[in-house]
């Protein structure tokens, strides 16, 4: 296995232009494919997840052209639901942002033509990532979805019986991606859909991204305080002609944290008016003691005396991981709460984070839905080999350990290709050893 050792970094300074957001990229491609008209998607992320979505759309008969650097994609919208030849199988890797929305969108296919089945599968880890809450909701809306192996998990078989709509209940407590998938499919259902949320809805800012994007593609949703969503049926998405993908606010977190710990770093491509909830990560850094400056198209973090915090971070689950490694450089303990959904991501992130933080010298308590971190003294960091569990965010979070007086070795550094293939190049560009 490839390993990368980062030597201790004494200072960071510079500007990082962020790659496009993964969740925005894949939502934009899917909406563009379903919409009427041609959409030019710009600042598209070039990563594994996006490649899986593009491959799937091509197999589903969507025509698109991709620029040489893969940052611009011109998509010819179908203006209707997908259709396919019986027996088609789509391999979606470990891309939750492709698997969930496509599962719902494929249920729209109508059997006016010949009955046809499609199979959605992926890497072994994908078969461990729950999808039951989404499938339960789709079944209530009249879809025909079956599990091919373990109940509640991919791979799935979907038949083209159409999506009727009607009253649907969905559990909101595990992942907002299930609701996002259902919301994006609902306007093209035969009838109006009324979605009732069971339990506390997690990651609300991700739902705001979805609703915002649907509006750009000419569909409005009646959001009743995140408890109920009413979507009119039989609608058609309309191309906005151009859709600019914002820089990835989750990816911004590593560089902003580095600035807060040891220098001054500006990230561009995301700013104070961003539609991504993870921009709020900068406010958490500010609470800890960093100096933050907000621009229209940038956020800047400057070193401050950092103190530990105790905070519910359900609203920024991906960026909250970066707080866990930032906590190594704060005075006193940090507690990150209400993050059960870390357990159903690319790996069980709660368990992985606790294990790897202990290796570098922290005292850690791992709860069912929280993590408590007591940092090591500044001269007590240990050189460790960090397992990354094929999880891009683990690799990027633990790069911050190099801001101590101790080197850190990252196993399988190329796993960052899921969202940020050039991460380590960008990180070394702002670092002074």
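For all residues, glycine too, the Cβ spot is worked out from N, Cα and C.
Because the structure is a prediction, the values reported are computed rather than measured.
Here Swiss-Prot flags 22, 96, 129, 177, 349, 393, 418 as phosphoenolpyruvate binding site. Sequence-distant neighbours of residue 129 (phosphoenolpyruvate binding site) (same chain, 6+ residues apart, CB-CB distance under 8 A): 94, 96, 99, 153, 154, 344.
In the shown protein chains, 26 other C-beta atoms lie within 10 A of the C-beta of residue 318 (active site, proton acceptor). Taken from Swiss-Prot, the feature 3-phosphoshikimate binding site applies to 22, 23, 27, 175, 176, 177, 203, 318, 341, 345, supported by sequence analysis.
According to Swiss-Prot, the feature active site, proton acceptor maps to 318, an assignment based on sequence analysis.
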Rounded to the nearest Å, what's the C-alpha distance separating residue 22 (phosphoenolpyruvate binding site) and residue 203 (3-phosphoshikimate binding site)? Just drop the number here, would you?
16
Tell me which of the binding-site residues 393, 418 sits in the most Cβ-dense spot, judged by other Cβ atoms within 10 Å.
393
Since the record lists 176, 177, 203, 341 as binding-site residues, which of them has the fewest other Cβ atoms within 10 Å of its Cβ?
341
Within 10 Å of the Cβ of residue 27 (3-phosphoshikimate binding site), how many other Cβ atoms are there?
26
